[in-house]
Amino acid sequence: MLTQKQAEEAIVSTETGHESREEENEDESQQSMFSIKNILWHGGSAWDAWFSCASNQVAQVLLTLPYSFSQLGMLSGILLQVFYGLMGSWTAYLISVLYVEYRSRKEKENVRFKNHVIQWFEVLDGLLGPYWKAAGLAFNCTFLLFGSVIQLIACASNIYYINDKLDKRTWTYIFGACCATTVFIPSFHNYRIWSFIGLGMTTYTAWYMAIASLIHGQDEGVTHSGPTKLVLYFTGATNILYTFGGHAVTVEIMHAMWKPQKFKYIYLLATLYVFTLTIPSASAVYWAFGDQLLNHSNAFSLLPKTGFRDAAVILMLIHQFITFGFACTPLYFVWEKVIGMHDTKSLCLRALARLPVVIPIWFLAIIFPFFGPINSAVGALLVSFTVYIIPALAHMLTYRTASARQNAAEKPPFFLPSWSAMYAVNAVIVVWVLVIGFGFGGWASMTNFIRQIDTFGLFAKCYQCKSPAAAVHH
């Protein structure tokens, strides 16, 4: 066990040694400024990783979970959250194991990662070869692209509930320009204060939704008829799969840690905290408004207009800006590597090189402004592979030989000490997500998505906005 720990420590000793020496050599006259900068800007502890995971996992999806509950019914909604939350934590654990394996192998070859951020597709390339690299790159980049699109759509959807003088499409233009400023944030090291603030914002919003719904009470004649249709049931289930599939940025968050081997259980601890936000808020809103939610994918549209609601909307807007940065930063890294700018030290030069990444995101958010249905479509077609099927299959294939298992940098966890048991769990995940998530979920969410296009059209000016008469009525 000691040799395993020593191997894990060796993984980061080279890089952290160099980084800490460089930091120590900074101008000592700026020491007080440097320490403040460290506190706010430069994070690499286990706590930083926990805040990053927890704040990144629930953002705008918090507002669509009541919509999913109306499609699934209360019991299925709660059970599927727990089920996919634990499954997501397991595959995040697998990703962390594969990262440590890749890095330890590279360290033995004297490869240094100075100024280079390891990404998931590079881990797949190093362990399984170029075809896996291509699959990882394609799914991961497409998922993160649409993840960023969803944040932009959510910004426009939310601000509309405070200021409806401009339509949602105009708000998308405005927030696209605002979110483009994330090009100036170099890496996940620099999200320390943002992750902390972001988690505070989602915590406030979740408990506001729960308490406001309970105070409001049940609407007169409220009905809770879900689940009624198979299409809606699997659409809702896939949105929950999407909710707990936020670990497409796991490798980048791990790489930002001083000791990445400590990441193993951080994602699970983050998920357990997230349960305290998602389950009470979604249950309370569904209890209060019932089937009305089927036509209101954003919970803010039904909650009474108060100062507390406006505060929640504003906090979620700021949080979506942070989450946009989280989803976009790995795309920035990939683009930098493609154009040969990844090792450039100039922040302004890198920011300028990153700008072309934002433009297609902006454009897609204007084409598909379907807040809610787009989450399920992305969940079924992209998240299912990116964060469930590929990590489970990659783990099975990496350790398929006896020598690979014997020399593994990470042995099976204490609660599942046998390789055969790990193999069985991974096989179940692959089959389940392929059939239920990708198969049924893909069919249902695409059917629902096409229905939105038929109803509202592409480039919809104001998706799910109230008619003027209804607005006066409310």
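Any Cβ shown, glycine's included, is placed from N, Cα and C.
Positions annotated as region 'Disordered' by TrEMBL: 1-30. Feature annotation from TrEMBL assigns domain 'Amino acid transporter transmembrane' to 42-435. Annotated transmembrane segment per TrEMBL: 78-100, 137-159, 171-189, 196-218, 230-253, 265-289, 311-335, 347-371, 377-399, 420-443, in sequence order.
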Paired segments the transmembrane segment (137-159) and the transmembrane segment (171-189) in contact, 3+ CB pairs under 8 A: yes
In contact by Cβ distance (the transmembrane segment (420-443), the transmembrane segment (347-371); 3 or more pairs under 8 Å): no
Remote residues contacting the transmembrane segment (230-253) - C-beta distance under 8 A, at least 6 residues beyond either end: 49, 52-53, 56-58, 61, 64-65, 67-72, 76-77, 80-81, 84-85, 87-89, 91-92, 95-96, 99, 117-120, 123, 140, 143-144, 147, 187-188, 263, 267, 271, 274, 278, 294, 326-327, 329-330, 333, 372-373, 375-380, 383-384, 386-388, 433, 436-437, 440-445, 447-448
Per Cβ pairs under 8 Å, the stretch of 311-335, 377-399, 420-443 packing most closely against the transmembrane segment (78-100): 377-399
Positions on the same chain near the transmembrane segment (265-289), where near means CB under 8 A and six or more residues out: 46, 49-50, 53-54, 57-58, 62, 65-66, 68-70, 74, 77-78, 81-82, 85-86, 88-89, 92-93, 96, 202-203, 205-207, 209-211, 213-214, 216-219, 222, 224, 243-244, 247, 250, 296, 299, 302-303
